[in-house]
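Listed features, source TrEMBL:
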SIGNAL    1-16  signal peptide
DOMAIN    38-126  domain 'PPIase FKBP-type'
């Protein structure tokens, strides 16, 4: 009985630990073109709080979000988690609060010190976007 109790307590304490580093889970890899800094991409995403899985934002079933990777349009953990993703790939990004919205959180949506999970699907990659921007 004591061993079972210790295992339960250990399991509970591990689940409640805050993340220290970005964790990327590749859910599928169906292509050969990878996202690099400066690429303009279209993505679907669902963001949730890691501790209770509460969804705080999603564009699945709507218009894809278009961003240029590595330009500060997204917070650091999300930006870094997109690098190396290929067209059509789905990933789950587990982002520590220090690489997300930090100690301040984000309004009423994301509490301070919140680790996040963001599921992403890269719909398209425009590898020439950065080059065209430099030519203008």
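Just so you know, glycine gets a Cβ as well, placed from its N, Cα and C.
Break the domain 'PPIase FKBP-type' (38-126) down by DSSP state and the numbers are 10 helix, 38 strand, 41 coil. Summarising model confidence by region, the domain 'PPIase FKBP-type' (38-126) averages a pLDDT of 96.
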